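Report on one structure; see the data block that follows.
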Amino acid sequence: MVFDELISEFDRGLRSLTGISRMSRPVPAPAEAPAAELTPAERTHAAGLMRVNHVGEVCAQALYQAQKLTARTASAKAMFEEAAREEEDHLAWTAHRLKELDSRPSLLNPLWYAGSLAIGVAAGALGDKVSLGFMAETERQVESHLEGHMSELPAADTASRAIVDQMRIDEVKHGKAAADAGGIELPLPARMLMRAASKVMTSTAYYL
């Protein structure tokens, strides 16, 4: 059973890194067509933001894969699996939008993935309550990050905005579920370290 799990997660990891993630839900569609075409500068900025969001989903896949494999209880495993499945939708949606913007994923995705996998293993090793608390805090920070992107994305980029808004809704749900399942609040130094690491990732991925 453990071997089967490892094979399954290895396959999911390969899909995350090669851009062939499966989506269980269609790409969110904007409520209305854009009033104007994006300017070249707006396309470049939108692509940078969506590349950052794509990297975040690569990291989420690695985190939740590791946390699922190290979870002690069946309920925690199921929660990480459900979150990973929805995050795989996000991964596919952001990859799709990057192609539409004539852009590409981050060149450093293997590095982001490996680092997040190690962090997920470390969180899981501390027990389910800590691991779920890490998930809840991660989702809170991602929610804040996505809200920032909603204010930064060009008003005319209704396609990207529809994707980011649905991602935000999903992240709120994941964070609440993890907290309700018994995830503990992480100490302030841990939360600050997470924000600092996220800042490095987002500022780098925007360009690379």
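Every residue gets a Cβ built from N, Cα and C, even glycine.
What Swiss-Prot records for Glu57, Glu87, His90, Glu171 is Fe cation 1 binding site. Listed in sequence order, the residues of the same chain lying 6 or more apart from Glu171 (Fe cation 1 binding site) and placing their CB within less than 8 Å of its CB are Glu139, Val142, Glu143, Leu146. Secondary structure at Glu171 (Fe cation 1 binding site), as computed by DSSP, is helix.
Annotated Fe cation 2 binding site per Swiss-Prot: Glu87, Glu139, Glu171, His174, in sequence order, evidence recorded as sequence analysis.
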Cα distance (Å, whole number) from His90 (Fe cation 1 binding site) to His174 (Fe cation 2 binding site): 13
C-beta crowding around Glu139 (Fe cation 2 binding site), within 10 angstroms: 23
Non-site residues, in chain order, whose CB comes within 8 A of the mean position of the CB atoms of Glu57, Glu87, His90, Glu171 at Fe cation 1: Gly56, Ala60, Glu86, Glu88, Asp89, Leu91, Val142, Met167, Asp170
Shell of the Fe cation 2 site beyond Glu87, Glu139, Glu171, His174, same chain only (C-beta within 8 angstroms of their C-beta centre): Ala60, Ala83, Glu86, Met135, Thr138, Val142, Glu143, Asp170, Val172, Lys173, Gly175
